[in-house]
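S.K.: Before we start, here is the structure in question, set down as structure tokens.
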């Protein structure tokens, strides 16, 4: 079989492909920053109080429950309903637990205690029985309807309040966020029941793995509704992504569609969230202390003091979310901040006329105002920059309109500042403030603390450096370099030509300082202007720091902004910035964005080899080895040109109309293009990875069959080769009917798995029989040749009364090896619904809806027949020529329609298997 035909050159090539795939996988699973999230803690024992729901509802949804989270005395007090707080509903995601509400619920409780329960939140959580809704979409609609009922039940718990809530805030983790968005698609749902939606690591754009049509249809329904009704949706929505640490849901999938007439949606990556600044994995995003603190601060700022509920003002909600999640000015949120501030009191005023100034404050007894006159600076400089290491929330920088060196009132410029991990900074373009005569920096009286304030004026051209990124195919052999050799505090490096997801670079920043000064901190901020996916790197100077540079979201076609590396530097230091292409990270981007399509490319390669075997059986009468046919037939030029040509023709109106007229689905390549995910050579890379996977899976299946046959011979009496090759054995119809009944009454995937095991059993039995036959043959080569001649002599008569020879058995095993490979991928792609069914067996004996049932009804009879099929019985079939021609177009179809819709892949496998089985009868 396959093990005896391993070609060393091919083996070396496939080993090399494994090496490349490993580089990409390493970048996805390990090529990110360490987990910097702090663990959130409880200070009292957590309690989850089950909320009694109507019996009718419990009977309709026996697997689902609703809980109220509490701790200590709060939990005891709220066992007696009704409630008095602000309702927040937590929706867990794929395989998520209702207990994941603990972290944010505990932090909210501590915050309420700090303000003596002037306001407090009641956190509810839904128990979805940890269903695998990311893999099986049949229960998503059911979950959505249950959440609707939960919202109505929650609001009933607040009857009797002075200001009873009329809506709830929802926090949805993973698929829970999608379920929350789906609420709006329900016929009887009132949009006013939700006042705020926060989603964490929710794939909004498309499913991570579209393994059944129900999940794809659910996504289509939700996204189409939100796009078509964007003008009428007034729900403030925040989507938070985990960044590169979250390899389960890539951040690009979490970005809500940005529509010009729907401005109440924000999407941000945790690495860009102020006071968080870390990347989170898919689970830690629900307990990461930095992120949960930011979320709770925002929730408390959203409270309306009059109603003691979350505000109904959309503008305020969006302002609060921008304040806490997008740009924090290092000040407490104010709905209507006072722009004009009084600069009075017993304070010292100090004029500063230099263009670069630094002040170290330590145990200051007096308040000091440092005034920078702008008249002369406007003639020379374009911008002013100030920073302070004092991270309090007081106003610290103002603008004076008076022409004198002192002013009683000033424009509070602190609201324009930006909070960073170690400083708060402000950059002003002077021409935007023509009425200002002075910039005033306020230094308060401090005792026992030390901080530094720096200000400088500069020309934009002197602080902006253009650095084109290196070419994709430089493979890190060439680099681009920029040297910053000055005493400035702030620089912008414009990263030209960066905008595609397939680009990935390694940026090295080396800092050197003159003199023996103490270690100081520099901040390097990667700013992506077309999406909130910024990331920060903090470095001690002097140092050498590597920064990973790659994108979550590609630059839109109509966007002309340039990605920036903002450098908050130290004076009297030199910075050398080197950028070069990172080939492992490019492979990582391929895996990250397209790894889910790999099964389609694997099946496409196997189908090409399968077609080659059928053709060799037709033309030569012998079936060649799977590995040989894979090397010969699995070529990307047999597939990719057709997909590219179809995509090109679909650009013409007449072809698109013809395409739609025959009801063909949308080409997957067009879907990827709409998501800015198509890039050069990706299909070629995936095809090579797919062929490599097909090769190793063939090697594994062949080795498994031989191992199982050896165990068979060790445990049972040696078998013999069958004396005839009848396809229809007496037990075959009965077995087929049993499997079909199992499929109808329980789960289609279970029936497919059982029929697959039956097929493997038949192949193992044949392998054991062949091994026994060979072991019993005499060693004399002359006798072997006579036997071979005798076998060939009876070849024609074998057609009339076929008998299975050793050569025929080997041919059959070669064909069976390929069929096992195809069936293995069908079983793997159907396993999620089987796992879902088995987990919910105590609630539902029959899976409904069942995505695999139609597949099972076609596949089971074909597998049953193929289990008894031998090559000798189909060599003379009139249908063999047709069967050998089908795999090639189907291999193209798998890539064209199955790479983004994996549930379609088994459909392309069934067709050649059915024709193969029919060859026994025609």
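Note: Cβ is positioned from N, Cα and C throughout, glycine not excepted.
According to Swiss-Prot, the active site annotation covers 174, on the basis of a curator's inference. The annotation region 'Disordered' is assigned in Swiss-Prot to 776-801. Annotation comment: Swiss-Prot describes 33-597, 663-668, 716-733, 838-853, 916-922 as topological domain 'Lumenal'. The transmembrane segment annotation in Swiss-Prot covers 12-32, 598-618, 642-662, 669-689, 695-715, 734-754, 817-837, 854-874, 895-915, and the record cites sequence analysis as its basis.
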S.K.: Count the Cβ atoms, other than its own, that fall within 10 Å of the Cβ of the residue listed as 'active site', considering every protein chain shown.
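M.R.: The Cβ of the residue listed as 'active site' has 30 Cβ neighbours within 10 Å.
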S.K.: Which residues of the chain, 6 or more past the ends of the transmembrane segment (598-618), have a CB below 8 A from one of its CBs?
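M.R.: Non-local partners: 624, 626, 629-630, 632-635, 638-639, 686-687, 689-691, 693-694, 697-698, 811, 814-815, 818-819, 821-822, 825, 828-829, 871, 874-875, 880-881, 883-888, 890-892, 894-895, 898-899, 902, 905, 908-909, 912, 916.
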S.K.: Please list, for the topological domain 'Lumenal' (663-668), how many residues fall into helix, strand and coil according to DSSP.
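M.R.: Split by secondary structure, the topological domain 'Lumenal' (663-668) comes out as 1 helix, 0 strand, 5 coil.
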S.K.: Work out, from DSSP, the number of helix, strand and coil residues along the topological domain 'Lumenal' (916-922).
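M.R.: DSSP classes over the topological domain 'Lumenal' (916-922) add up to 3 helix, 0 strand, 4 coil.
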S.K.: Any chance you could find the range in 12-32, 695-715, 734-754, 895-915 with the most Cβ pairs under 8 Å to the transmembrane segment (854-874)?
M.R.: 734-754
S.K.: For the topological domain 'Lumenal' (838-853), how many residues does DSSP put in helix, in strand and in coil?
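M.R.: Here the numbers are 3 helix, 0 strand, 13 coil.
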S.K.: If you count every Cβ pair below 8 Å, which range out of 12-32, 669-689, 734-754 shares the most with the transmembrane segment (642-662)?
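M.R.: The stretch with the most close Cβ contacts to the transmembrane segment (642-662) is 669-689.
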S.K.: Could you give the residue numbers and ranges of same-chain residues that sit at least 6 residues beyond the topological domain 'Lumenal' (916-922) on either side and whose C-beta is under 8 angstroms from one of its C-beta atoms?
M.R.: 614, 727, 819, 861-862, 865-866, 869, 873-874, 877-880, 883
